[in-house]
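Visitor: If you look up TrEMBL, you'll see Glu20, Asn22, Glu31 marked as Ca(2+) binding site. The annotation transmembrane segment is assigned in TrEMBL to 32-50, 62-82, 119-136, 173-200, 206-226. What TrEMBL lists as Zn(2+) binding site is His79, His205, His209.
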Amino acid sequence: MADGISSFWGPVTSTIECCEKNYAYSSYIAEFYNTISNIPTVLLALIGLANALRQGFEKRFSVLHISNMILAIGSMFYHATLQKVQQQGDETPMIWEMLLYMYILYSPDWHYRSTMPTFLFLYGAIFAVAHSILRYDIGFKLHYVILCLLCIPRMYKYYIYTEDASAKRLARLYLLTLLLGIFCWVIDRCFCEKISYWSINPQGHALWHGFMGLSSYFANTFLMFCRAQQRGWAPKVLHLMGILPYVKIEKPKTQ
């Protein structure tokens, strides 16, 4: 905590703190940069949600973008307060989001359509209850990593079966921003003691938030393209203001 500034939220109760000086700018925000760095993720998710709703994509994509927003907002509350309850409000939506990605990735080839969402919903609910009671740290990380690894083969399959160059670029951007985010997270976690002596803190965890927000947006847009292609909606990748990619579809009149 910064000298001379009291904490509005009280003592830190979270099990994890990042490499940022607490309450350096305000008594209401514990980790300033780690809090505001979630704002771009919320904005990107809003753009994705607006596109999904406007063009009539399946509800799963609207839920996915809303999930991104919930995760970012939960992260903001966590880093602003550094309280255990808010930490779980950040970690549990991370697991829910990965379960949603698994559904979107695997459901097109799942023959028993009602079993997968039922199982994933129950799994997410059980995890949330168990995490709130047991408050495990390593268990959460293992869950998250395993779920991420389970998604990789399917994402790769979508990539190799996609011929559109613009869509493939989305997948590469997703992977690039993901790796950059992981790199920043590792640097912030493993070299915090050295970084604390630097005159300028690179704010690795805040950069992690920014890159992961971009990564989620690129992944969502790529998956929207792939699903539109499966449905025969003639998807194209266009760019908002010439910068931000999004998917434009043309549904057959019969749909």
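Every residue, even glycine, has its Cβ placed from backbone N, Cα and C.
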Visitor: Report the same-chain neighbours of His79 (Zn(2+) binding site): residues 6+ apart in sequence with Cβ closer than 8 Å to its Cβ, ordered by sequence.
Guide: Cys18, Ile29, Ala30, Glu31, Asn34, Thr35, Asn38
Visitor: Can you tell me how far the Cα of Asn22 (Ca(2+) binding site) sits from the Cα of His205 (Zn(2+) binding site), in Å?
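Guide: Given the Cα positions, Asn22 (Ca(2+) binding site) is 14 Å from His205 (Zn(2+) binding site).
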Visitor: Looking at the binding-site residues Glu20, Glu31, which sits with the largest number of other Cβ atoms within 10 Å of its Cβ?
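Guide: Of the binding-site residues Glu20, Glu31, the most buried by Cβ count within 10 Å is Glu31.
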Visitor: Honestly, do the transmembrane segment (32-50) and the transmembrane segment (206-226) touch, with at least three Cβ pairs under 8 Å and pairs 6 or more apart in sequence?
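Guide: By the criterion, they touch.
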Visitor: Top stretch among 119-136, 173-200, 206-226 for CB pairs under 8 A with the transmembrane segment (62-82)?
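Guide: Top-ranked stretch among 119-136, 173-200, 206-226: 206-226.
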Visitor: Neighbourhood of the Zn(2+) site (His79, His205, His209): other residues with Cβ within 8 Å of the Cβ centroid, in order?
Guide: Cys18, Glu20, Glu31, Tyr33, Asn34, Thr35, Ser37, Asn38, Ser75, Ala206, Trp208
Visitor: I want the residues beyond Glu20, Asn22, Glu31 whose C-beta is within 8 angstroms of the mean position of the Ca(2+) site's C-beta atoms, in chain order.
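Guide: Here the nearby residues are Glu17, Cys18, Lys21, Tyr23, Ala24, Ala30, Phe32, Tyr33, Asn34, His79, Leu82.
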Visitor: Distance check, please: Cα of Glu20 (Ca(2+) binding site) against Cα of His205 (Zn(2+) binding site), rounded to an integer number of angstrom.
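Guide: About 9 Å separate the Cα atoms of these two residues.
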Visitor: Using a Cβ cut-off under 8 Å and a sequence separation of 6 or more, which residues in the same chain sit near His205 (Zn(2+) binding site)?
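Guide: Set apart from His205 (Zn(2+) binding site) by at least 6 residues yet with Cβ under 8 Å, we have Cys18, Cys19, Glu20, Glu31, Tyr33, Asn34, Ser37, Cys184, Trp185, Asp188.
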